[in-house]
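S.K.: TrEMBL lists these features:
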type	residues	note
ACT_SITE	H66	active site, proton acceptor
BINDING	D67, V70, G72, D74, S76, E88	Ca(2+) 1 binding site
BINDING	H193	heme b binding site
BINDING	T194, D240, T243, D248	Ca(2+) 2 binding site
DISULFID	C35-C115	disulfide bond
DISULFID	C68-C73	disulfide bond
DISULFID	C121-C317	disulfide bond
DISULFID	C200-C225	disulfide bond
DOMAIN	25-321	domain 'Plant heme peroxidase family profile'
SIGNAL	1-24	signal peptide
SITE	R62	site 'Transition state stabilizer'
Amino acid sequence: MASSSTVFASAALVLLLLLGGTSAQLSTSFYSSSCPKLFSTVKPVVQSAISKEKRLGASVLRLFFHDCFVLGCDGSVLLDDTPTFTGEKTAKPNNNSIRGFEVIDQIKTAVEKACPGVVSCADILAVAARDSVVILGGPNWDVKLGRRDSRRASISKANKQIPPPTSSLSNLISKFSAKGLSTKDMVALSGSHTIGLARCTSFRGHIYNDTNIDASFAKKRQANCPSASGSGDNNLAPLDLQTPTAFDNNYYKNLVRFKGLLHSDQQLYNVSDSTDSLVKAYISSTGTFFSDFVSGMIKMGDIKPLTGSNGEIRKNCRKIN
Ligand code: HEM
Ligand SMILES: *[C@@H]1O[C@H](CO)[C@@H](O)[C@H](O)[C@H]1NC(C)=O
Ligand SMILES: *[C@@H]1O[C@H](CO)[C@@H](O)[C@H](O)[C@H]1NC(C)=O
Ligand SMILES: CC(=O)N[C@H]1CO[C@H](CO)[C@@H](O)[C@@H]1O
């Protein structure tokens, strides 16, 4: 006969599993029987988008970050505004900035054809972000799946929880920590800025007013980014001046030369020994960067997913069913 302490322990375990039920439910084999062709359907669409425009890989990767940091990885960033629904697309970090939605739409169309009503937009974004990294020369990993799509969005959380490019190192650490991500995750995930572009308005303060910047680099960027706010705000510059379409460790090499584009980028070097040592480790070893980047992506992908019967599988990634 079971002792009362065994009964109690089993009841406690059941309760723990029920309460903890929102995390740890994603799995790399989630669609293996319901949509076995998922990966082979997504990748060629990402590949063809990147072949047409290299930047789209960067844009899709960033969409996944901005999705996960707001209400969890639930496709909330993909929702369009309507007269009666306020999405996240006009939040300060997103407005005139996030892009790549057409790629997600194209993938969704292809996936709906292969497996109608099965795969969430949140999962499509997770797979497309991984494929983008791989196609541009970065690491590969198995993506955990099983997220469902939200029926809501939060512009106020998008404004508060996505760190701005003016962030200090301590701000960056605390914004990531609030999502369960460590300083190491933050430094490794910032390595995403090895690809993609930023607008003048995002780096103007750094190139005109900061002193921790290489003078000739500042001058070069000032040439296409006027100091007056409002003029040339949308002029673009590469986040990694060396290889802006290759996923490599040049981002970190730029930082030790004081050639980080954003104020927040340059905060990772020569502010604290704790991040300096990570930057140096990633310069010494692309393998270390890639493996910390992959763990960071998996942890970020685990942020508050909707699972089970929560949320829905959207038919169109831009609107709730
Ligand atoms: C550490 C805190 C971070 C800050 C402050 C930050 C800020 C920014 C800013 C300001 C831009 C340029 C936006 C514009 O001017 O339009 C940008 C671009 C980008 N960010 Fe971040 N970011 C951070 C972390 C991340 C993470 C974690 C990822 C992905 C895992 C990421 C991926 C990207 C990519 C790929 C681009 C280029 C997008 C494109 O060209 O369309 N960033 N980021
Ligand atoms: C977003 O950008 C548009 C176009 O530049 C601008 O008119 C609008 O005021 C911005 N919205 C917000 C909420 O900042
Ligand atoms: C630089 O700093 C000064 C003084 O704080 C400020 O008035 C100016 O707007 C800043 N310029 C840029 C381009 O951020
Ligand atoms: C490598 C490097 O440039 N280190 C500098 C970082 O900042 C300190 C001041 O805090 C300088 O003295 C170092 O030379």
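Sequential numbering from 1, following the chain as shown.
Heads up, the Cβ atoms here are built off N, Cα and C, so glycines get one too.
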S.K.: To test your reading of the Ca(2+) 2 site: which residues beyond T194, D240, T243, D248, same chain only, put their Cβ within 8 Å of the Cβ centroid of those residues?
M.R.: I195, Q242, P244, A246, F247, N249, N250, Y251
S.K.: What residues, ordered by sequence, lie under 8 A Cβ-to-Cβ from G72 (Ca(2+) 1 binding site) and sit at least six positions away in the same chain?
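M.R.: Listed in sequence order: S150, I303, K304, P305, L306.
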S.K.: Restricting to the domain 'Plant heme peroxidase family profile' (25-321), report the mean pLDDT as a whole number.
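M.R.: Averaging the confidence scores along the domain 'Plant heme peroxidase family profile' (25-321) gives 98.
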S.K.: Which one is it: of the recorded positions H66, V70, D74, E88, D240, whose Cα lies the shortest distance from the Cα of C35 (disulfide bond)?
M.R.: D74
S.K.: Quick check: of the recorded positions listed here (H66, C68, D74, C200, C225), which one has the Cα closest to that of D240 (Ca(2+) 2 binding site)?
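M.R.: Comparing Cα positions, the candidate nearest D240 (Ca(2+) 2 binding site) turns out to be C200.
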S.K.: Starting from the Cβ centroid of D67, V70, G72, D74, S76, E88, the recorded Ca(2+) 1 site, name every other residue in that chain with its Cβ within 8 Å, sequence order please.
M.R.: H66, C68, F69, L71, C73, G75, V77, S150, A153, S154, A158
S.K.: State the count of C-beta atoms found within 10 angstroms of the C-beta of H193 (heme b binding site), not counting that atom itself.
M.R.: 24
S.K.: In sequence order, which same-chain residues at least six apart have a C-beta under 8 angstroms from C200 (disulfide bond)?
M.R.: N224, C225, P226, G232, D233, N234, N235, L236, A237
S.K.: Within 10 Å of C317 (disulfide bond) by C-alpha distance: pick out those among the recorded positions C68, S76, T243, and say none if nothing qualifies.
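M.R.: Qualifying among C68, S76, T243: S76.
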S.K.: Spatial neighbours of E88 (Ca(2+) 1 binding site) among the recorded positions H66, T194, T243, D248, defined as Cα within 10 A: which are they?
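M.R.: Cα within 10 Å of E88 (Ca(2+) 1 binding site): H66.
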S.K.: List, in residue order, those recorded positions out of R62, G72, C225 with a Cβ under 6 Å from any atom belonging to ligand 1.
M.R.: R62
S.K.: Given a separation of at least six residues and a C-beta threshold under 8 Å, show me what packs close to D248 (Ca(2+) 2 binding site) in the same chain.
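M.R.: Long-range Cβ contacts: G137, G138, T194, T286.
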S.K.: In Å, rounded, how far does the Cα of C115 (disulfide bond) sit from the Cα of C121 (disulfide bond)?
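M.R.: So the alpha carbons of C115 (disulfide bond) and C121 (disulfide bond) sit roughly 13 Å from each other.
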